[in-house]
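The structure appears below as structure tokens.
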Amino acid sequence: MTDPNMSDPQGRPEYGAYGQNQHDRNQGDAQTPHYFGDPYGNPYAGGPNQGQGGWQPMSPFRLVEEWLPQQAKNAIRGVYGVLGVVAIILGLALLIWPGATLEVAAIALGVYFVVSGVIRIVTAIVELGLPGGWRVLDILVGVLLAVGGVIVLKNAALSGATLAVLVTMVVGLGWMMEGVMALVESWRMPSSGWAVVYALVSIVAGFVVLFSPVSSTAWLILFGSCALIVLGVVAIVRAFTFGKPRRK
């Protein structure tokens, strides 16, 4: 029987045989791991359950929280919890004292937006695996929220009508930005249902507050307190569910 690696005295393989280098390459290919059926050894292939049309590369936007280090998970859970507790305390304070002045409401909402903006900035910085575009957008929204809160706090002593317009604009725009960002980021949440609820409540609250009449100060305080409580509860739930594996 002819050896498939047989070669003539000059070192050239006979017809139908292959050289030693080709033999080594074939053995190396057999030892090379194939990731989920990807013939090119791509570890980011979509896997065998991605359809019958061959392997598909995984989108970088499918990065999830469970890939984060435990220290980063704990930090993000902590800031979500702080945000939720602060929002609930502010909302209850406004409900317990319904006759509070607009200045008190402005101070409470200003503090809330400053805390919310700072937490969003910190989250965008410490969260690993976040695409650069999302990271920049998160930081930008956080800066806008924090700046809006500072503006409200610095102008809390303005006249009633002027302060009402300022608070309405900052609150409406801030909640809408927060809601849109939460809705965009819901794909990264282990419990996406809570993230969607958080986003929708925030967007609706922003629209209602932004387009509410300036004279409806009492309604603004009542609605704002209820929205703060709801957003605080949802933020606390997200603090407990952040980074947990998805249920299959």
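Cβ coordinates are placed from backbone N, Cα and C, and glycine is handled just like the others.
Taken straight from TrEMBL:
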type     : residues : note
REGION   : 1-51     : region 'Disordered'
COMPBIAS : 37-47    : compositional bias 'Low complexity'
TRANSMEM : 78-98    : transmembrane segment
TRANSMEM : 104-130  : transmembrane segment
TRANSMEM : 137-157  : transmembrane segment
TRANSMEM : 163-183  : transmembrane segment
TRANSMEM : 195-212  : transmembrane segment
TRANSMEM : 218-240  : transmembrane segment
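Outside the transmembrane segment (163-183), and at least 6 residues removed from its termini, the chain residues within Cβ reach (under 8 Å) are 102-103, 105-106, 109-110, 113, 116, 120, 137-138, 141, 144-145, 148-149, 151-152, 155-156, 195-196, 198-212, 214-215, 217, 220, 224, 227.
Between the transmembrane segment (104-130) and the stretches 78-98, 137-157, 195-212, 218-240, the greatest number of Cβ pairs separated by less than 8 Å involves 137-157.
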